[in-house]
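Undergrad: For 8-59, the entry in Swiss-Prot reads domain 'L27 1', with the evidence type sequence analysis. Annotation source Swiss-Prot lists phosphoserine at Ser42, Ser121, citing a large-scale study or a structure entry. If you look up Swiss-Prot, you'll see 60-118 marked as domain 'L27 2', on the strength of sequence analysis. Here Swiss-Prot flags Thr117 as phosphothreonine. What Swiss-Prot lists as domain 'PDZ' is 140-219. Feature annotation from Swiss-Prot assigns domain 'SH3' to 225-293. Summarising the annotation, Swiss-Prot assigns domain 'Guanylate kinase-like' to 350-537 and lists sequence analysis as the type of evidence.
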Amino acid sequence: MPVAATNSESAMQQVLDNLGSLPNATGAAELDLIFLRGIMESPIVRSLAKAHERLEETKLEAVRDNNLELVQEILRDLAELAEQSSTAAELARILQEPHFQSLLETHDSVASKTYETPPPSPGLDPTFSNQPVPPDAVRMVGIRKTAGEHLGVTFRVEGGELVIARILHGGMVAQQGLLHVGDIIKEVNGQPVGSDPRALQELLRSASGSVILKILPSYQEPHLPRQVFVKCHFDYDPARDSLIPCKEAGLRFNAGDLLQIVNQDDANWWQACHVEGGSAGLIPSQLLEEKRKAFVKRDLELTPTSGTLCGSLSGKKKKRMMYLTTKNAEFDRHELLIYEEVARMPPFRRKTLVLIGAQGVGRRSLKNKLILWDPDRYGTTVPYTSRRPKDSEREGQGYSFVSRGEMEADIRAGRYLEHGEYEGNLYGTRIDSIRGVVASGKVCVLDVNPQAVKVLRTAEFVPYVVFIEAPDFETLRAMNRAALESGVSTKQLTEADLRRTVEESSRIQRGYGHYFDLSLVNSNLERTFRELQTAMEKLRTEPQWVPVSWVY
């Protein structure tokens, strides 16, 4: 009924219109409301609501559930007329057809709601499974394929038989639905298959035209897996993997790619496909890859020294920053990133923009340009220090001044994102300062050290992490020369400084690349700034993939 559909749409629209008032009325989190809005605005959900309305409109009920008895009465009446009328004789013949009788029987069963399957016989001989398989248990499955075309199936040996181990999602066999995991392959085109999985794979790969398989069905009920999406944190090439059961069935991917996991039944090999589309393939499971990574020695260049953020930071830097070193040790001890589960969210504004990069690569310049470009939308924190203010300094303009004792107490309480000491004075960024900028309705722009991202990467701060990558050595030297000539900078960097910047940039990328949402090579400040602006605008118009822990 059109009215019901209209009522359904109006009700959903009313809920959407009132989502804005829910945080004040219920205390609901902003991210949860964004997720709820995305679900309710989904075309699939709206279609389901309409379908529900249609199904609720009219409940169809059978007129009667004893049509077989009715037909028998009709046949008795027709028996007297059949000799006199050819039409009556033809009707009697139709009503006695086996197919028509089966149709009526099925109708009566559905009408009387007799859906239960009879229980198995309690007297079944337990030795039945050891008896020869009856001929009617064997199935013949026909497949048409071209030579070299993959079926999308792998095999294992079980009890001397070749059994289907997995069916690749999206492959030919999965699309046809004729074979199932656990089916035993007996023959291919009339030839016994033996017990060599590789030989069977080669036989099926080279076959063309009509391929007839004789199988013993497993009758296993397939289960519907939940949708799982992951972001990959390593490169994988199945052609170079000696452990994969079938190299041709593997799925190649690079760090940063988004995959949909379609099957996790195997402890070592998952089935996945790229979210952009394409066929599914095998990838190493989290467990298998963790075992392999455990034997790889960690790059010593990435190990923090003495609690500082980066052992290569120049001694000339004003502040040698540290951040929550007790938590840092905990993070590093358990950090072995393989796959990160993510969820797709509708467009929304991030609360923080975190700029990561080597010293002197231009992070602070980009931060200042962004805030000057749109001060109503972007803001930043004011650092705290324990030193005494100079005569020209005012509280909150450049620094917030507190006593050393107060600052040390707050550091011990974990209230600082990062902190350090320079010339006997403490400097640091309070976490509450970030909360204050976010509460004012602005995006908090931070140019922090890489390890601080580990603290910020939560549902509270939902950061957008941008890595400002140093260009190559020659480009960096030319940029410094141009800055000196134009008067933008008065500091001439030595070759050692420039090489240190390039090397530090590479180390940060290797050690923290899995946290980055975007990487920009800063070979031209104006161009990099425009690219950063474009990326921030896209967040307001395009769906985003975020860690699943931010959503659930």
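Cβ atoms are placed via backbone N, Cα and C, with glycine included.
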Undergrad: Cβ pairs under 8 Å only, please: of the recorded stretches 60-118, 140-219, 350-537, which one is richest in them relative to the domain 'SH3' (225-293)?
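TA: Looking only at 60-118, 140-219, 350-537, the most contacts with the domain 'SH3' (225-293) come from 140-219.
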Undergrad: Under DSSP, the domain 'SH3' (225-293) has how many residues in helix, strand and coil?
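TA: Its residues divide into 14 helix, 24 strand, 31 coil.
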Undergrad: Looking at the domain 'SH3' (225-293) alone, can you tell me the average pLDDT?
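TA: It averages 91.
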Undergrad: Tally every other Cβ atom lying within 10 Å of the Cβ atom of Ser42 (phosphoserine).
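TA: Result for Ser42 (phosphoserine): 12 other Cβ atoms within 10 Å.
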Undergrad: I'd like the per-state residue tally for the domain 'L27 2' (60-118) from DSSP, helix first, then strand, then coil.
TA: 39 helix, 0 strand, 20 coil
